[in-house]
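Trainee: Just passing along the structure, written as structure tokens.
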Amino acid sequence: MTILNHTLGFPRVGLRRELKKAQESYWAGNSTREELLAVGRELRARHWDQQKQAGIDLLPVGDFAWYDHVLTTSLLLGNVPARHQNKDGSVDIDTLFRIGRGRAPTGEPAAAAEMTKWFNTNYHYMVPEFVKGQQFKLTWTQLLEEVDEALALGHKVKPVLLGPVTYLWLGKVKGEQFDRLSLLNDILPVYQQVLAELAKRGIEWVQIDEPALVLELPQAWLDAYKPAYDALQGQVKLLLTTYFEGVTPNLDTITALPVQGLHVDLVHGKDDVAELHKRLPSDWLLSAGLINGRNVWRADLTEKYAQIKDIVGKRDLWVASSCSLLHSPIDLSVETRLDAEVKSWFAFALQKCHELALLRDVLNSGDTAALAEWSAPIQARRHSTRVHNPAVEKRLAAITAQDSQRTNVYEVRAEAQRARFKLPAWPTTTIGSFPQTTEIRTLRLDFKKGNLDANNYRTGIAEHIKQAIVEQERLGLDVLVHGEAERNDMVEYFGEHLDGFVFTQNGWVQSYGSRCVKPPIVIGDVSRPAPITVEWAKYAQSLTDKPVKGMLTGPVTILCWSFPREDVSRETIAKQIALALRDEVADLEAAGIGIIQIDEPALREGLPLRRSDWDAYLQWGVEAFRINAAVAKDDTQIHTHMCYCEFNDIMDSIAALDADVITIETSRSDMELLESFEEFDYPNEIGPGVYDIHSPNVPSVEWIEALLKKAAKRIPAERLWVNPDCGLKTRGWPETRAALANMVQAAQNLRRG
């Protein structure tokens, strides 16, 4: 029984973000479709070769996506919303981009599909839309073409396919309501057709991803798995693949399925290997997800070996990444600025492939000498002074309940804030960032590279802040922002100014479509050596009589959007960050900033996948926010912002944040999210987003007015704010001006009644 290794997927974007650049060039009309497709082919070939050279036995094919892999699956199944369909029913790459970006075939605006987080990661997918009586057919053969590509290059491949039950689970019904699970029998023939095509190509194993199996699914959904997989059996061997949590609670359902193997995440799940071995059919292959695909830390291979060694030789066994390596940066070797000590603690996607090769070799040979050598830096890290700060640990231990309480309740604070700011009805504001123009990016890059001195850099940033204030005053906005010209990323910027973080040069991971992020890495205890945002907030406020918001990223979001330490709890990291940012709130307030926004877009996405684990997470997540904010005086207005959230199941916790104003993303869901706030009778103020910033479309005054009137039927108008869905960093100035002008006009029309 020779043990093989494999990955569940590999980063798509390229070491230098080649995919992003090719996509954006194509969207801008600066390159042809064939040039775009050629970049995809080159990246796939390179990534397969890199994995093979690193010692991977079975290469994933079908993990590449032009926007996201769920949208790819929608096209595979012929599931294209009517507003994006070509007249002749054909599907091409432009169809895919229209769904993601919001366009009709005519080029006219057409609402993009809703976007949400992929389970509890920082990756996004376009939510499949289902209508009653929907038809499915194989229309997009990208997977088959890529398998042909890989086979032509001589690779041993394992196609990757999102499973039918998870696909339906991830979608939403549009129009007349019905049970989307009833579509299962309609999509299975397409899956059968795809598997038959793969069998024709001589494929032995197909990785069929069913991550929904780690959730606490309703019984009807669990019951759907058996008939679904009965229909799919027989053409190729199926590796039923789960990740992000353990499978033990649903193991009875899983072991009844006619598949030939099971992949389990042994990093994030609590599954016991011996128990799995005992309960799985003896002829099943077990794929052990031992190497963390979601973090950047070097694996303790001695520990991983001990976890799996007792079942070696007792059943067919593969070793694998816990999930797709999509969530990890590509290659540590190109990071030239990390010092040797810190660098020795990390492993990116390619290094994780090396770890899998090393682990496979040791499991096959029984010679464990190489494991101790690989794991040595991990032992050293446990005692490093760069990891432990006694002052931070002491301050954290001294926190009391009083530290998370504002002085007075919202009603008292609201009165003080109304007296201070005297804002009109339907007050208008934006979420924080303004367009990051080429000039701004060049300015920051030149400064970072040392081509620009600090004085000239500061002069340049000040000019862009001044321009943002002038633009907002010209538009007639009521509460202004400084525009965040100095910030490359809402998390990275804070991480750069906090002790306990390090940064990479090329540690990019895909967020959605062409958007990539470069998450900071928490390597040690977190503290704030000096004020971070005060200088620029104070400068912006000096340029106007209108209030300017101080802008902070909240502790839970900084945690969720960073690569966290693995040696302490997430709660500990969040509260350390909260204490650091608490000092920032106090300093902003002392500098005369009266409105401070603490963004927590990641609060909901940080939820554990199993509802039974939610309460503990929400308790410390809310406490971290309150520790951050509670230092503010009554007449300081605390705002928070949240993105793409389903709120109804966490409304108690949203209210418990006790923010004076919450702004939320609602335009893509047509204000549906406000139902949660209405039913809960949310007591504080709300800014429902009135247009989608992820699309270049400019909303009309009438459209915005209609949304606000809809909102006012649910929330009293005196508690409503008017704002876009999210920050405007990724938009251009022309559409930003046009959209905000219409937004302000809509608010003014409503004030006039």
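Here the Cβ of each residue, glycine as well, is placed from N, Cα and C on the backbone.
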Trainee: Record says Ile431, Gly432, Ser433, Asp599 bind L-homocysteine. Source is Swiss-Prot. Which of Glu484, Glu486, Glu646 does it list for that same site?
Mentor: Glu484
Trainee: Looking at 5-methyltetrahydropteroyltri-L-glutamate binding as recorded in Swiss-Prot, which candidate out of Glu149, Glu473, Glu600, Glu605 goes with Arg17, Glu18, Leu19, Lys20, Lys117, Arg515, Cys516, Trp561?
Mentor: Glu605
Trainee: Around Ser433 (L-methionine binding site), how many other CB atoms lie within 10 A of its CB?
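Mentor: The answer is 23.
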Trainee: Tell me the Cβ contacts of Asp599 (L-methionine binding site) under 8 Å, same chain only and six or more apart in sequence, or just say none.
Mentor: Ile431, Gly432, Met490, Met551, Leu552, Thr553, Gly554, Thr557, Thr640, His641
Trainee: Whole-number Å distance between the CA of Arg17 (5-methyltetrahydropteroyltri-L-glutamate binding site) and the CA of Ser433 (L-methionine binding site)?
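Mentor: For Arg17 (5-methyltetrahydropteroyltri-L-glutamate binding site) versus Ser433 (L-methionine binding site), the Cα atoms are 23 Å apart.
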Trainee: For Ser433 (L-methionine binding site), which of the binding-site residues Leu19, Lys117, Cys643, Cys726 has the nearest Cα in space?
Mentor: Cys726
Trainee: May I ask you to report the DSSP-based helix, strand or coil state of Glu605 (5-methyltetrahydropteroyltri-L-glutamate binding site)?
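Mentor: The three-state answer is coil.
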Trainee: Whole-number Å only: compute the distance from the Cα of Glu605 (5-methyltetrahydropteroyltri-L-glutamate binding site) to the Cα of Cys643 (Zn(2+) binding site).
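Mentor: The Cα atom of Glu605 (5-methyltetrahydropteroyltri-L-glutamate binding site) is 9 Å away from the Cα atom of Cys643 (Zn(2+) binding site).
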Trainee: Of the recorded positions Leu19, Lys117, Glu484, Cys516, His694, which one sits closest to Cys726 (Zn(2+) binding site) when you measure Cα to Cα?
Mentor: His694
Trainee: Between all pairs in Ile431, Gly432, Ser433, Glu484, Asp599 (listed as L-homocysteine binders), what's the biggest Cα distance, rounded to the nearest Å?
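Mentor: Value for the max Cα separation, rounded to a whole number: 14 Å.
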Trainee: Which has the fewest other Cβ atoms within 10 Å: Ile431, Cys516, Cys643, Cys726, the binding-site residues listed?
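Mentor: Counting other Cβ atoms within 10 Å of each of the binding-site residues Ile431, Cys516, Cys643, Cys726 gives the minimum at Cys516.
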